[in-house]
Amino acid sequence: MKEELLKRFTKYVKVDTQSNEESTVCPTTPGQMELANILVTELKEIGMQEVTVDEFGYVMATLPSNTTKEVPVIGFLAHLDTATDLTGKNVNPQVHENYDGKDIVLNKDLNVVLSPKQFPELANYKGKTLITTDGTTLLGADDKAGITEIMVAMNYLINHPEIKHGKIRVAFTPDEEIGRGPERFDVEAFGAKYAYTMDGGPLGELEYESFNAAGAKLTFNGNSVHPGTAKNKMINAVKMAMEFDAEIPKEEAPEYTDGYEGFYHLISLNGDVEQAKSYYIIRDFDHLKFVERKTHIASIAEKLAEKYGEGSVELKLNDQYYNMREKIEPVKEIVDIVSAAMRNLDIEPKISPIRGGTDGAQLSYKGLPTPNIFGGGENFHGKFEYVALESMVKATEVIIEVARLFEEKE
């Protein structure tokens with residue numbers, strides 16, 4: 001299993017599938033369709049049935065039931081794209097066997113070092129096989145580790161018919177990193193009662209709570225006048241944007257919050273005297289607090305518009321996804337089954353809220369309750385991203401055990 005995981009993973013990460021928020025097509029980048037087509041070929045090769053890919057890059061396939069029991073159809077999902085934070089082009093994975101717990105020099109020329117001083121969790125991986133970047137790109141374990149684990153688990157089940165399971169559906173989706181993954185996902189065609197995204201982090205992670213999420217696009221319209229004659233005439237749009245940001249509680253930012261704490265996050269601010277634009281994301285687990293945060297943003301915009309005049313501040317506020325806990329708690333047994341599967345494999349489940357979003361958050365609201373299971377990676381979205389091969393083995397075993405337990409309980 002280890003060899004197959006390593007071979008598939010290092011192949012998949014070399015395909016540049018970084019998504020692009022500026023694109024209006026789906027998938028937003030051609031590399032995602034390239035990987036989708038590779039996976040279609042490989043799914044057929046291992047013996048999966050009903051293998052399809054649509055024009056938008058959504059891959060679906062079926063592993064038929066091998067039991068006489070009536071077992072609910074379950075699904076496993078992972079996303080094709082990698083994050084926009086750092087390039088995913090020319091990924092050159094480095095394999096470090098029997099990690100010694102010390103610094104790993106990712107790139108000598110650029111002095112990029114993966115160090116336990118900066119990342120103390122590396123101590124957990126002593127003696128393991130780590131797959132890292134070469135210090136110039138992200139790795140793409142988010143979520144090509146998940147893709148790999150699903151592929152290997154399906155191959156294992158096909159080759160071990162003594163493990164009884166119901167019908168299993170798998171899907172690989174585009175553009176998750178920019179929040180568009182579920183937009184064109186056909187829940188009815190997928191046909192599962194429950195599903196799981198293999199999109200979590202370290203060993204044992206199990207998540208069924210996500211943020212409520214919104215985005216706020218602000219445009220500040222100023223009045224540019226020659227600075228020599230600007231008195232009582234100039235309105236500096238950049239300063240308006242700064243004034244707006246000064247009204248946001250400084251301690252309610254990502255760098256000061258964790259656990260169940262929500263935040264406002266200024267993603268970008270650019271412009272000049274005439275016009276400036278800023279973009280915030282708003283996050284909270286509690287729905288009432290989420291509404292309060294959006295109201296606060298709107299009230300600041302209104303206050304500045306009153307001060308600087310009609311048309312001076314434009315706000316576009318849009319909800320992005322909601323806390324999936326509301327949709328999963330009524331069917332909490334799907335979380336309990338994963339916990340049991342992990343314990344059967346000597347993994348301690350680490351149930352915590354996702355300080356982010358997954359496709360599962362939106363899919364849960366489309367009628368497909370979808371918790372999130374660990375994929376094994378650490379330090380996603382950057383050059384220090386890595387994954388332990390042993391964690392990928394465990395994630396693969398969890399998929400197999402979940403399928404077995406669903407059949408066993410019927």
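Placed from the backbone N, Cα and C atoms, the Cβ positions cover glycine too.
Residues HIS79, ASP142 are recorded by Swiss-Prot as Zn(2+) 1 binders, and the candidate that the same record lists for that site, out of ASP16, ASP199, ASP245, ASP258, is ASP199. Candidate binding-site residues: ASP142, ASP199. Fewest other C-beta atoms within 10 angstroms, ASP142.
Scoring each of the binding-site residues (HIS79, HIS381) by how many neighbouring Cβ atoms lie within 10 Å, the top position goes to HIS79. Compared over the recorded positions ASP81, GLU176, GLU177, the count of CB atoms lying within 10 A of a residue's CB peaks at ASP81. Using a 10 angstroms CA-CA radius around GLU177 (Zn(2+) 2 binding site), the recorded positions that qualify from HIS79, ASP81, ASP142, ASP199 are HIS79, ASP81, ASP142. Recorded residues ASP199 (Zn(2+) 1 binding site) and GLU176 (active site, proton acceptor) have their alpha carbons 10 Å apart, per Cα-Cα distance.
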